[in-house]
Amino acid sequence: MSQKVTPYKDSNLGKKEQVTKMFDTISKNYDGLNRVISFGIDIKWRKKVVEILKKEQPNSILDIATGTGDLAIALVKTGAKKIVGLDISPGMLAVGKEKVTDKKLDSTIEMVVGDSEKLTFEDNSFDAVTVSFGVRNFETLNTGMAEILRVLKPNGTLVVLETSVPTKTPYKQGYGFYTKNILPLIGKLFSKDDSAYGYLSESASVFPHGENFNNILREIGFIDVTNKPQTFGVASIYVAKKANL
Ligand SMILES: C[S@@+](CC[C@H](N)C(=O)[O-])C[C@H]1O[C@@H](n2cnc3c(N)ncnc32)[C@H](O)[C@@H]1O
């Protein structure tokens, strides 16, 4: 069970409401900040997710916690005919919707407001589900992952891209310095909501990454669970399947 970290320490709101408020507040700056804090490497990681799914030739993909839609848009390259981008923050989705429309992808990508922990889709609806930098924000991780398993078709594939913490020297120390000192500073300089970037590093440090997350996925019922650390272990790509019932 992961420790509950919230964006606003003095708020009476629950984690879900705080996370929604935070992403609504930073939505207009999110894409630019994302490139800065990850040095643009997030683009390469998203491409890897696309390459993994291309081999599966999915017809339908649900991109959960789609935010401003970067992964949903990249997933068009898998050849999927239907991509649904779902997010709890209307602000993030509005930015994403504009990008989808600008790229003339409205007939392939549908952007919907929704909660990953209470999905409104039928059981066995999607060939694949993706989540990039989203699972760390779920109020109850296991509930969200169980919902994903439910809406995946038998033999369907889950791909999760999430921050992780390097375990080897000197990357571990370098990462610690960056997240404690540089990241909150970037947040303060560029965002209206500096608590957001304190939350980013704090939530990353408590997220059960690597084999711990693999085990959570197995406990929930996913099979063939694997993970590959990316860029010295600052992010990881997890792949898992729903059994062919
Ligand atoms: C760090 S952003 C990632 C956005 C996008 N996937 C990306 O890779 O840039 C996390 C997103 O998760 C969304 N989110 C958090 N909790 C959620 C929930 N319970 N259901 C759906 N979306 C959620 C937030 O609104 C936010 O847009």
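Note that Cβ sites are derived from N, Cα and C of the backbone, with glycine treated the same way.
Within the same chain, the residues at least 6 positions away from Asp87 (S-adenosyl-L-methionine binding site) whose Cβ sits under 8 Å from its Cβ are Phe23, Ile64, Ala65, Thr66, Gly67, Leu93, Gly96, Met111, Val113, Gly114, listed in sequence order. In the three-state DSSP classification, Asp87 (S-adenosyl-L-methionine binding site) falls within a strand. Per TrEMBL, S-adenosyl-L-methionine binding site is recorded for Thr68, Asp87, Asp115, Ser116, Ser132.
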Quick one: give me the count of other CB atoms within 10 A of the CB of Thr68 (S-adenosyl-L-methionine binding site). 27
